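Quick look at what TrEMBL lists:
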{"type": "DOMAIN", "residues": "A:1-79", "note": "domain '2Fe-2S ferredoxin-type'"}
{"type": "DOMAIN", "residues": "A:114-147", "note": "domain '4Fe-4S ferredoxin-type'"}
{"type": "DOMAIN", "residues": "A:154-184", "note": "domain '4Fe-4S ferredoxin-type'"}
Amino acid sequence: MKIVIDGKVCEAERGEYLLTVARREGIRIPTLCHNDALPGLASCRLCIVEVVEKGWHKVVTSCVYPVSAEIEVFTASEKILRMRKTLIMLLAARAPENETIGKLMQEYGLEKPDRFKKENSSDCILCGLCASACEKIGAGAISTVHRGVTKKIATPFDDPAADCIGCAACASICPTGAIKVQDKSGTRQIWNKAFELLICPDCGKPVVTREQAEYLRKQMQGNPIEYSGDGTVRCERCKKAAAADRFRTAFL
Amino acid sequence: MTLSSGMQHRSPDRVAVTGRILEGYPKEQRYTLAMLQDIQKEFQFIPRESMELIADHLELPLGKIYSLATFYKALSLQPKGKHVIKICDGTACHIRSSQMLANELYTLLKIRPGETTGDGQFSVELVNCLGACAIAPVVVIDETFYGKVTPAKLQEIIAQYGDAPEQSERSGGVAHD
């Protein structure tokens with residue numbers, strides 16, 4: 001079906017999310033909590049747009065709004081800009097020092113808010129993307145804990161996470177870089193826990209944590225290609241090189 | 001998932017009782033909250049070992065259970081008193097001086113909302129609207145509703161529970177739903 005986004009006629013399939021359609025057409029809608037691999041959180045609210053359907057206007061979060069009719073969409077109407085500015089200010093009140101939020105404030109011409117002073121400011125906007133990623137991977141080591149003003153992302157009882165495999169997916173997916181991971185002299189520190197980093201046998205680069213390798217091995221049973229036979233884990237680069245070598249010896 | 005850490009302090013009683021509660025439910029995630037409610041009722045709080053047992057039972061990460069247990073006000077990670085006194089602080093009760101009732105309870109029991117008496121008999125909670133605004137201010141002890149409560153009346157009500165500390169917390173209930 002045809003929909004119109006900011007005056008541009010776009011082809012969309014029924015049920016497709018508005019954000020997906022807009023991005024495909026090169027129309028930028030700001031997001032923080034959206035990740036193509038983990039859609040459907042809709043917690044940062046930045047992707048709001050105005051939808052006009054049969055003359056009715058409504059504000060929707062485009063990341064979870066499925067296209068079901070021939071609608072007209074405004075991604076930056078006066079109303080949307082006003083609302084989005086408020087949302088950014090609220091996020092800025094939570095994470096005033098954060099770089100990503102700072103850039104958004106700059107883009108929307110906003111000053112740092114002086115209301116709602118937070119005693120312990122953090123970089124976390126509590127979108128929950130890290131917890132979804134952790135769950136999707138299968139570890140489920142972190143989750144949202146408590147609610148309201150005391151809500152946070154944490155491991156159970158704030159202990160060193162028993163279920164954590166040290167993959168740091170949470171840190172790499174975090175839109176505001178709020179999760180601290182430290183790789184230093186063969187050890188990774190994350191969620192109050194230290195992990196041994198396995199070294200690539202060919203180039204000596206740290207690749208994954210021991211727990212991560214074991215977890216992968218368990219998940220990928222019958223797919224030994226990922227690993228060299230001696231139980232070590234090669235880095236992506238050396239794995240490709242080894243595969244090329246095998247190919248060469250087999251055919252030349 | 002893997003067995004969780006912190007098992008060294010497991011109480012055999014709690015493990016056995018929790019096990020019996022879990023046996024009553026199918027191994028499905030949707031029963032998690034019901035299990036937690038039963039455990040709260042049994043122990044007046046959610047012990048760590050119970051959460052670990054649920055996680056193992058349902059093959060869920062402990063974080064999932066912990067998230068749920070910390071989200072709901074009806075569940076507590078700290079042991080609650082034998083009798084839980086809830087002071088309604090909804091709009092109607094607030095206007096009709098629910099705060100005075102909290103102060104009176106402090107005089108009587110020396111505890112503030114969120115705290116438990118040293119002998120483990122009483123806990124006080126300030127809760128949101130209980131839906132009984134017509135009889136504001138409302139106090140609920142265990143499952144019994146008391147309406148139009150005054151500080152003087154509160155003293156009498158508490159005495160009923162204080163005089164019989166051995167009484168089961170369910171015997172006083174009249175307002176089961």
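Using N, Cα and C of the backbone, Cβ positions are placed for all residues, glycine too.
Mapped onto DSSP classes, the domain '4Fe-4S ferredoxin-type' (A:154-184) shows 8 helix, 4 strand, 19 coil. Residue counts for the domain '2Fe-2S ferredoxin-type' (A:1-79) under DSSP, helix first, then strand, then coil, are 12 helix, 25 strand, 42 coil.
Taken through DSSP, the domain '4Fe-4S ferredoxin-type' (A:114-147) splits into 9 helix, 3 strand, 22 coil.
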